[in-house]
Amino acid sequence: MKIGIDKISFFVPKYYLTLEDLAVARQIDPMKYTRGLMQEKMAITPLNQDTISMAANAALNILTNEDIEKIDLVMFATETSVDHSKAAATNLISILGLKNQTRVIELKQACYAATAALNFAKGHILQNPDSKVLVVASDIARYGLKTDGEATQGAGSVAMIVSKDPKITVINQHAGFYSDDLYDFFRPSHMDYALVEGHYSNEMYKKFFNESYNDFLNKSNQTLDDLKAVTFHIPYVKIGLKTLSFLTNPDERLDLFENFKDATIYNKQIGNIYTGSLYLSLISLLEQGNLKDNEQIGLYSYGSGAIGEFFSMTTVEGYKHHLNKVHHEKMLNDRVNLSIDEYENIFNSIIKNDFIFDDEPHEEIILKQIKNYKRYYEKKNTWKCSFFILLWKRLKNLKNRVK
Ligand code: CAA
């Protein structure tokens, strides 16, 4: 049975900061960020978006009633969860109107969890061929103001529907793994930001790539010639390019370098989105690149702590007709460029409780309120409805007072 990605989409919040502005504010040569890291912009979340609302916005874009009828497993991959106990996937049941007869779970292993989720989804479809699985990867990557990692922040979500006879890619059988116990990047439970050994984490990323890639080649009996593109977990674009350069060079495989460029167009404009980064890169490759039908893509997933997995997918006939390129490009182009002061103000006003959002929302789904640490979400149309109800009540009160 062929199992894989039937639909895929991403969501990015409405604000961004250019890395040039960040560099100037931090008295750093902008070339360090734009050439040294190969990043242009980083996405900033407004106060009314969190990992849950972003994931819901990404999923809303691809879900139909028929999907909702068939989805019986939702896996939410994140490393910036809003609750230590309640799985964010439970919130999606109400926000997206999913069936109650659905298994829900949140998964964590740094930036890797969505890859595990795809594999679990494959197993689920093998046992239940007519069902569908919703996998979401959603994170807000924050290192803190004026830290070394600041230029590699970002935010966003990817949503994927996994099914049999998928319309976009088939997930192939073989996967290579490498895992070990280390502290390159981690976030103890009481801390708001991750602790990171930046250069050590880069070394581990590359080491785990080599190990898992070789394990994949051994298991699959394939060579680099079988792959038409290689995509990577992209904390910043340069690390992916450097890792690809270990495999080959543009004189031998120009196609891999051209495909890498297409595969990082979106990541360059958004920054690191942790669990979703690899899949954002996959979307960029599929939408912006020229891969033909039935071509094999290698994918490197890395989760600090750490695990590396190298696996592959093959494009499905006609896959280009099932993407969301126009919507994604519009979402990126419609964003608002923040000044450094606006960015720092948002950063310093993150609210954990007693929050109510009153302005007209820009996104389809927003975090409306946090009360007694419980989070309440609202859809745009419902918001308009409640606005008119409120207005009507206020007018009625006024009329009564005049009487
Ligand atoms: N013009 C052009 N290039 C310049 C430059 C200039 N003026 N100044 C510096 N550069 C280059 C450097 O030569 C370097 O490039 P190379 O690596 O090719 O030599 C690049 O810019 C970055 O410079 P530094 O290494 O000096 O930068 P840094 O020490 O300030 O930090 C970082 C870079 C370690 C990535 C840091 O941003 C960081 O800690 N980020 C968070 C951790 C991270 O992303 N790790 C990645 C692997 S772990 C992972 O993948 C999990 C995850 O998602 C976090």
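Just so you know, glycine gets a Cβ as well, placed from its N, Cα and C.
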Legend entry - Further binder of (3S)-3-hydroxy-3-methylglutaryl-CoA named by TrEMBL next to Asp29, Tyr143, Lys242, taken from the candidates Asn57, Asn172, Asn272: Asn272
Inset, instruction - Mind telling me which of the recorded positions His233, Lys242 has the densest Cβ neighbourhood, counting other Cβ atoms within 10 Å? - result: His233
Inset, instruction - Please tell me which one of the active-site residues listed here (Glu79, Cys111, His233) sits closest to Asp29 ((3S)-3-hydroxy-3-methylglutaryl-CoA binding site), measuring Cα to Cα? - result: His233
Legend entry - Entry from the recorded positions list Asp29, Glu79, Cys111, Tyr143 having the most other CB atoms no farther than 10 A: Cys111
Legend entry - Euclidean distance between Cα atoms of Glu79 (active site, proton donor/acceptor) and Cys111 (active site, acyl-thioester intermediate), Å: 7
Inset, instruction - By DSSP assignment, list the helix, strand and coil residue numbers for the domain 'Hydroxymethylglutaryl-coenzyme A synthase C-terminal' (261-348), in that order. - result: 45 helix, 19 strand, 24 coil
Inset, instruction - Would you count the other C-beta atoms found within 10 angstroms of the C-beta of Asn272 ((3S)-3-hydroxy-3-methylglutaryl-CoA binding site) for me? - result: 27
